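Enquirer: Pulled these features from TrEMBL for this protein:
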type: DOMAIN; residues: 238-298; note: domain 'Large ribosomal subunit protein uL6 alpha-beta'
Amino acid sequence: KKMLAATKTHRVLASQWPASVLVRCMSRVGKVPVKVPPSVSVKIEPLPPSNIAPFKPFTAKRIRYSLRHRPSREGFAAFGAPTVVRVEGPLGTLQFPVHSYCKVEQSEDGSLRVHPQCGGSTKMGKTLWGTTRGYLANAVRGVSQGFTKELELHGVGFKARVEPAASAAPPAGELARSYKLGVEKYGESFHNKQTAPPTFPDPMRGGVLAAGAGGGWMKRQARLKPADDDPGESHALMMRIGFSHEVRVDFPPHLKVSTPTPTQIAIFGIDKQQVGLAAQRVRLLRKPDAYKGKGIRYAGEVIKLKQGKRK
């Protein structure tokens with residue numbers, strides 16, 4: 001009777017309804033299958049034991065924050081063993097571990113579907129459902145088509161060029177400040193002057209969604225490798241962006257940079273996250289000015305300019 005009375009006054013909360021009348025919250029993104037083209041192959045494998053953290057005694061703190069740590073045996077006991085999805089295509093290979101709360105299945109027509117344990121009725125299930133499906137779709141598109149991020153230089157005398165990293169150098173008598181891409185930590189500062197040739201981390205490290213891991217740079221950086229075993233040649237982006245020296249940005253081998261015109265920069269790669277991260281860090285070198293718009297901006301980006309003081 002109390003439930004019916006509350007219904008008439010439209011004051012019923014979701015937590016007040018019995019479990020039998022709860023409506024399952026479907027993820028509109030997660031339930032959409034991922035279409036796999038014929039040139040792409042997908043393998044679903046168990047997580048290697050080398051990626052499992054050693055067992056530690058159960059404590060209240062570890063149980064509470066088990067989702068924020070790397071894969072652990074106590075996380076497996078609660079959610080089951082995770083899997084690793086390996087996507088191979090003409091442009092390369094992407095692999096990443098999938099949280100054990102979600103199950104990835106491949107149908108007869110080759111499409112991929114994600115099924116959470118709860119069916120999408122919990123907050124964790126809804127979060128991982130759409131996220132895992134998005135990572136799968138990005139991986140399939142990355143190894144088949146790739147991702148490109150374009151930048152534009154706006155300013156008098158602003159221009160850029162691409163040279164091999166081994167022979168890239170400023171004109172005689174001029175200086176250049178060097179920056180590196182491909183740092184190990186997701187949040188490491190990009191504005192570091194390099195006195196020695198930059199070193200890049202192993203691109204096979206990291207993962208997208210590890211079992212019992214809810215966030216952090218280590219879980220968001222996808223594992224990738226080029227299409228061939230040869231890592232390829234690194235290139236350096238040389239830019240004149242209004243400083244008294246040239247700015248050099250060294251790119252890792254798995255990211256390709258080009259300059260269609262002296263004022264346009266195109267970054268290409270198979271991992272969407274790394275392509276966007278590289279473009280964002282290049283943009284930070286000279287963000288658009290608030291009054292004239294001078295600087296580095298994304299292609300098609302609209303800058304809202306401020307109005308200067310009037311006399």
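Counting begins at 1 with the first residue displayed.
Using N, Cα and C of the backbone, Cβ positions are placed for all residues, glycine too.
Note: TrEMBL annotation is automatic and uncurated.
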Enquirer: Restricting attention to the domain 'Large ribosomal subunit protein uL6 alpha-beta' (238-298), give the mean pLDDT.
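Expert: Over the domain 'Large ribosomal subunit protein uL6 alpha-beta' (238-298), the predicted model scores a mean pLDDT of 92.
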Enquirer: Helix, strand, coil: count each for the residues of the domain 'Large ribosomal subunit protein uL6 alpha-beta' (238-298), based on DSSP.
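Expert: Helix/strand/coil tally for the domain 'Large ribosomal subunit protein uL6 alpha-beta' (238-298): 13 helix, 21 strand, 27 coil.
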